Amino acid sequence: MSGNQEPILVKEESVVGIPTPLLKLKSWQWWVLVSINIFFLIGGQAASVLLGRFYYDQGGNSKWMATLVQTAAFPILYIPLLLLPSSSSSAESSETSCSLKYIVLIYVLLGVIIAGDNMLYSVGLLYLSASTYSLICATQLAFNAVFSYFINAQKFTALILNSVVLLSFSAALIALNDDADTPSGVSRSKYIVGFVCTLAASALYSLLLSLMQFSFEKILKRETFSVVLEMQIYTSLVATCVSVIGLFASGEWRTLHGEMEGYHKGQASYVLTLVWTAVTWQVCSVGVVGLIFLVTSLFSNVISTLSLAVTPLAALVVFRDKMSGVKIMAMLIALWGFASYVYQNHVDDLKVRRARQQAQAGRVEPPC
């Protein structure tokens, strides 16, 4: 691939629309940005899930605290935001940007959704093993394919449908697994609650990704990486405020001191676990929003599904999670569904590149 080629995997409408900063990037530069965000997403998600399970295993029991740490570290994102150069076309930015009240409304709405979604994930992780939790989260891709179709006008091809069906089968296998490994002290009824909460969280998360992509394309209309960081910072601020309110309204704040004193690995480990969980969640979130900005919400969710190859295996090593035959089969089916979408994305890329080449050839004037 030539270094002067345009990046692939970008949205097809960008080819015929107004040029954006992304289209000015060389192919290798675009791939570097995408690769960095993929690393952030996969590494951050795997680490945060393992740390969250570690928190519960070592004596942590506050669902609202587990929810709070998923967004509480957002102030660290001000560092890269301050290092980014300010936009030189402020006039253009003011013309294309929506009014402040709409921006605030977007951040508040998305922030509340994030808080509710994080709470569902916290309940799911409390009652499920890390590997089972991760496999259920794979249904995000199926949900996002549906939401992207209705909200983002994403094409719904046979391969995408195949991916949705396979991921649904994978989740069904986990749900019907009578020999499911659960954390100690978790009954079958609590396992079902954890399954339902994680499944609901996956659906809500997929809706959130599609709404973010819609906000970038139709409302905010600013294509700089600073808007990605601003989106993450201010929605996390709202979600953190909601989580703090929930922590105090539920009365769980009264148990935190005793929880820290009774933590199996000691008080210092308790604090470090919460701190690093908060940091890794923010790293993951930057990767998620960055891939929405660079590619699409569906692609971002597909990369999240790659945690199937990372988190369950890491949980097998760290927590000695069981890898039953049913769980292995569910993983293989989910990976098959993932491969179906990747191939469809490859086919779409070829079409986009061919359209660009034809458009460029049409703009070349014939020799005199």
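Using N, Cα and C of the backbone, Cβ positions are placed for all residues, glycine too.
Quick caveat, the model's predicted, so the values are computed rather than measured.
Features as listed in TrEMBL:
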TRANSMEM  30-52  transmembrane segment
TRANSMEM  64-82  transmembrane segment
TRANSMEM  102-121  transmembrane segment
TRANSMEM  133-151  transmembrane segment
TRANSMEM  157-177  transmembrane segment
TRANSMEM  189-211  transmembrane segment
TRANSMEM  231-249  transmembrane segment
TRANSMEM  270-293  transmembrane segment
TRANSMEM  299-319  transmembrane segment
TRANSMEM  326-343  transmembrane segment
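Each of 30-52, 102-121, 189-211, 326-343 was scored by its Cβ pairs under 8 Å to the transmembrane segment (270-293), and the highest score goes to 30-52. Within its own chain, the transmembrane segment (231-249) has Cβ neighbours under 8 Å at 62, 64-65, 67-68, 70-72, 74-75, 77-78, 81, 107-108, 110-112, 114-116, 118-119, 212, 215-216, 220, 282, 285-286, 289, counting only residues six or more beyond its boundaries. The transmembrane segment (133-151) makes no contact with the transmembrane segment (102-121): fewer than 3 of their CB pairs lie within 8 A, with pairs spaced 6 or more apart in sequence. Packing against the transmembrane segment (64-82) from elsewhere in the chain are residues 48, 52, 55-56, 114-115, 118-119, 121-122, 125-126, 226, 229-230, 232-233, 236-237, 239-240, 243-244, 246-247, 250, 252, 256, 274-275, 277-279, 281-282, 285-286: each is 6 or more residues past its ends and has a CB under 8 Å from a CB in it. Using a Cβ-Cβ cut-off under 8 Å and counting only residues 6 or more beyond its ends in the same chain, the transmembrane segment (102-121) has close neighbours at 63-64, 67, 70-71, 197-198, 200-201, 204-205, 207-208, 211-212, 215, 219-220, 231, 234-243, 246.
Only residues 6 or more beyond the boundaries of the transmembrane segment (30-52), in the same chain, are considered here, and those with a CB under 8 A from a CB of the stretch are 7, 9-10, 22, 66, 70, 122, 125, 130, 133-134, 273, 276-277, 280-288, 290-291, 294-295, 300, 303-304, 306-307, 310-311, 314-315, 318-319.
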